[in-house]
Amino acid sequence: MLTIGTALRPGATRVMLLGAGELGKEVAIECQRLGLEVIAVDRYADAPAMHVAHRSHVINMLDGAALKQLVAQEKPHYIVPEIEAIATDMLVELEKMGQHVVPCAEATRLTMNREGIRRLAAETLQLPTSSYRFADTDSAFFQAVRDIGYPCIVKPVMSSSGKGQSLIRSEEHLQAAWEYAQQGGRAGSGRVIIEGLVHFDFEITLLTIRAVDGIHFCAPIGHRQEDGDYRESWQPQAMSDIALQRAKEISAQVVTALGGFGLFGVELFVCGDDVIFSEVSPRPHDTGMVTLISQNMSEFALHVRAFLGLPIGTIRQYGAAASAVILPELTSQNITYRGLETALIGDTQIRLFGKPEIAGQRRLGVALAVADNIETAIEVAKKAAGNIEVSGE
């Protein structure tokens with residue numbers, strides 16, 4: 001039976017978040033609701049989750065020694081990775097020393113880069129995926145593209161939010177695509193994956209929870225991508241019963257192979273009744289922010305319940321709902337927001353992440369809406385997001 005100690009007291013139950021962005025912030029809030037002591041860690045100061053944590057630290061999370069020292073200092077009961085760019089080999093070592101890594105260290109190691117999870121899905125589990133090759137030199141990259149054929153997609157094996165990702169339609173784009181991929185990796189330049197283009201009707205995120213009371217699924221989430229990053233997401237995404245069943249079967253296989261308790265964001269391509277595995281993250285997913293308004297328990301609440309070893313019970317979905325990102329472009333270290341009075345009309349909500357600065361384009365918030373149908377929910381969310389005016393000195 002779980003015992004939770006009181007935060008800031010000797011018997012506190014401590015949760016260390018490795019990654020303190022907007023997703024980590026919502027996880028921190030859910031931890032706070034249960035009286036857990038929250039320690040937020042990121043590579044920069046004043047990250048969103050740090051605003052709602054009991055303590056925070058700024059370290060290079062790719063530095064295994066620094067990570068080990070911080071864990072020894074804070075003595076967390078749960079280590080919760082919220083990003084890919086972490087010294088996962090150190091997480092494996094820490095787990096062997098008795099630390100509880102969420103969902104487990106092997107899951108974070110395999111999913112920190114696209115190669116580990118692709119080989120697990122395609123080669124070990126024999127799941128349907130796109131054709132693919134890996135390369136770590138320009139010559140190997142050029143050959144891999146020739147093997148896959150045009151059009152194809154190149155991505156750093158370790159990146160997020162579309163960084164370093166590009167669509168290659170002809171040979172003239174090869175050099176630029178290689179150089180862009182080398183700039184976009186979370187751990188610097190290095191290995192890339194080249195994927196054949198999959199013809200699909202739509203993409204979904206199937207939030208899949210592995211918990212003490214079994215495997216649970218949220219309703220499928222549809223989303224629109226632009227420049228490799230999501231712009232709107234909605235729930236539920238309409239799909240055939242056969243496709244949904246196949247999606248659940250694939251997702252269950254993947255999360256069972258990864259192991260541990262927690263929420264996983266499984267990305268899938270759907271074409272008619274056929275489902276193709278794309279990627280998985282062993283943590284809440286950005287497209288899943290729609291669950292802040294669409295369900296009785298958000299993806300963040302579900303993640304916390306699962307990793308604490310608590311039962312999930314019943315997940316209720318309230319009907320057509322959507323999220324739309326607030327994505328301004330400016331340079332400022334003193335960001336201000338206006339227009340909330342206009343944005344908050346009808347069944348809408350706004351989340352402003354509290355990021356300390358912006359240099360170029362950056363996701364600073366999200367608008368959420370519920371409506372009678374998906375199309376209306378998306379339009380209402382987009383309109384609400386567009387009504388937020390962002391400025392800075």
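Note that Cβ sites are derived from N, Cα and C of the backbone, with glycine treated the same way.
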Candidates Glu74, Glu82, Glu232, Glu249, the one Swiss-Prot lists with Glu22, Leu23, Asp286, Lys355, Arg362, Arg363 as binding N(1)-(5-phospho-beta-D-ribosyl)glycinamide: Glu82
Largest tally of Cβ atoms lying within 10 Å of a Cβ, found at which of the binding-site residues Arg114, Lys355, Arg362: Arg114
Inter-residue Cα distance where the pair is Leu23 (N(1)-(5-phospho-beta-D-ribosyl)glycinamide binding site) and Leu197 (ATP binding site), in Å: 29
Candidate with sparsest Cβ neighbourhood (10 Å radius) among Glu82, Glu203, Glu279, Asp286, the listed binding-site residues: Glu279
Sequence-distant neighbours of Glu195 (ATP binding site) in its chain (C-beta under 8 A, six or more apart): Ser130, Ser131, Tyr132, Ile148, Cys152, Ile153, Val154, Lys155
Cβ atoms near Gly164 (ATP binding site) (within 10 Å, other residues, all chains): 24
